Amino acid sequence: MEEDKQYKVLLIGDSDVGKTSIVKRFSDDTFDEDLLCTIGVEFKMKEVKVDGKKVDLCIWDTAGQEKFRALISSYYRGAHGIILTYDVTKRESFDNLNYWLNEVENFANRSNLVKLLVGNKIDKENREVTREEGAEFAKKKAMLFIECSAKSKIGIQQAFEELAQKIIEIPQNTSSSQPKQRNTGSVKVEDEPDHNQGVCSC
């Protein structure tokens with residue numbers, strides 16, 4: 001029987017765009033209006049089915065605050081997928097997307113990295129970024145694109161399933177399996193990450 005595969009997915013983007021809410025909605029089907037900002041990196045394990053196959057995603061939720069950005073850079077290594085997130089009600093978070101893509105270019109170490117652009121908070125009425133703008137940006141950068149709402153659940157499951165589908169379509173990603181890790185955890189940014197530890201080490 002073929003072993004299940006585990007793939008590392010990193011959520012990046014400005015602070016307060018809803019990265020943690022997206023992860024919690026996907027992994028636990030919960031939503032909290034009063035979530036605190038992520039300090040450092042937190043991760044969750046979640047299984048999805050793609051074409052009848054079980055795919056284990058190790059989802060890393062990163063801090064978006066500027067003071068943590070340099071410390072987070074090392075966590076790009078080994079990622080199979082990137083979810084670049086912005087808030088459709090905050091133009092600045094969309095304008096900063098190129099900064100985050102530069103971070104990916106500088107620190108990610110896979111040439112076949114799958115990138116998904118996600119516009120979050122479409123449940124709100126005060127939209128500042130149109131769907132067309134998001135789709136056009138993603139097209140120019142060769143990214144997948146979806147809009148979603150962690151609050152109303154719209155697009156959340158689809159986003160991760162589409163990303164997982166693209167990841168496993170890459171032959172190099174399915175040639176060997178990664179050891180399964182525990183289901184949740186966090187990493188302090190004060191410390192240099194130890195990549196020999198059993199923390200979702202895909």
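From the backbone N, Cα and C atoms, a Cβ is placed for every residue, glycine too.
Here Swiss-Prot flags Ser15, Gly18, Lys19, Thr20, Ser21, Asp32, Thr38, Gly64, Lys121, Asp123, Ala150 as GTP binding site.
Summarising the annotation, Swiss-Prot assigns compositional bias 'Polar residues' to 171-186.
As annotated by Swiss-Prot, S-geranylgeranyl cysteine applies to Cys200 (among others), with the evidence given as similarity to another entry.
Annotation comment: Swiss-Prot describes Cys202 (among others) as S-geranylgeranyl cysteine.
Annotation comment: Swiss-Prot describes Cys202 as cysteine methyl ester.
Taken from Swiss-Prot, the feature region 'Disordered' covers 171-202.
Annotated motif 'Effector region' per Swiss-Prot: 35-43, in sequence order, evidence recorded as similarity to another entry.
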Out of these binding-site residues, Ser15, Ser21, which one has the fewest other C-beta atoms within 10 Å of its own C-beta?
-> Ser15
Looking at the binding-site residues Lys19, Lys121, which one has the fewest other Cβ atoms within 10 Å of its own Cβ?
-> Lys121
Within 10 angstroms of the C-beta of Ala150 (GTP binding site), the count of other C-beta atoms across all shown chains comes to 27
Quick one: average pLDDT across the motif 'Effector region' (35-43), no decimals.
-> 65
